[in-house]
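Note sheet for the following structure.
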Amino acid sequence: MSAAEGLTQRTSNRDDGTQVLPPDETDKKYMEKGYRKKAAEVVKKPGVPSLLIAVGIPLIAGIVDGLVNSPSGAWYNQLDKPWWNPPGFLFGAAWSVLYPVMGLASWLVWADGGFQKQGYPLGLYAAQLLLNLAWPALFFGAHSIGLALVDIIILAILVALTVAAFQRVNHVAGHLLKPYLAWVIFATALTISFYIKNHGYTGASDQEEHTRE
């Protein structure tokens with residue numbers, strides 16, 4: 001077969017009469033490489049495992065924190081509480097919903113570029129989560145209402161900043177954090193009330209010292 005005949009066999013006619021050469025081996029390699037790249041991008045997309053991790057981190061950490069720093073105890077029971085202080089089971093029910101929703105919101109932001117692209121909003125999220133977990137340790141564990149108050153005021157500010165940062169990345173993620181922000185604001189007001197009513201109170205520790213004397 002001559003070179004001219006081979007070229008003729010590799011050509012095809014369009015409707016407008018122009019001739020187009022079919023893809024050669026080099027073109028096929030580029031096409032295959034493009035398909036492989038698309039397949040790799042699909043594999044890298046966030047899925048169920050990453051979602052479970054994002055939801056599980058705040059939920060499990062919150063459960064462990066609540067068990068270690070339980071509100072039940074002589075010191076807490078003897079505090080002067082405001083009349084609008086919710087019962088203990090309501091706090092547990094609220095956090096059991098807020099923690100997973102918080103994790104879902106963080107996953108939606110992480111899914112849009114990961115830590116490399118969303119370092120600022122995810123950094124705010126991590127910082128507020130640490131302050132969130134520190135509050136029970138300061139209040140119920142260390143019996144320091146003052147430090148717990150400072151912690152939760154900073155927490156409320158960070159959560160507000162996180163909501164705004166999430167909102168710019170994903171509207172759904174921002175809206176998911178708004179009930180959490182409302183709850184933190186309520187908890188801040190409650191902590192302020194506890195501080196005013198019990199400033200300088202040491203509770204069961206004082207009674208134990210008097211008993212020993």
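Each Cβ is built from the backbone N, Cα and C atoms, and glycine gets one as well.
Here is what TrEMBL records for this protein:
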type	residues	note
REGION	1-27	region 'Disordered'
TRANSMEM	47-68	transmembrane segment
TRANSMEM	88-110	transmembrane segment
TRANSMEM	122-139	transmembrane segment
TRANSMEM	145-166	transmembrane segment
TRANSMEM	178-196	transmembrane segment
Looking only at residues six or more beyond either end of the transmembrane segment (178-196), which have a C-beta under 8 A from one in the stretch?
79, 81-82, 84-85, 94, 98, 101-102, 132, 135, 139, 145-146, 148-149, 152-153, 155-156, 159-160, 163
Which sequence-distant residues neighbour the transmembrane segment (122-139)? Criterion: at least 6 residues beyond either end, Cβ under 8 Å.
57-58, 61-62, 65-66, 68-69, 102, 106, 109-110, 115, 145, 147-148, 151-152, 154-155, 158-159, 161-162, 165-166, 184, 187, 191
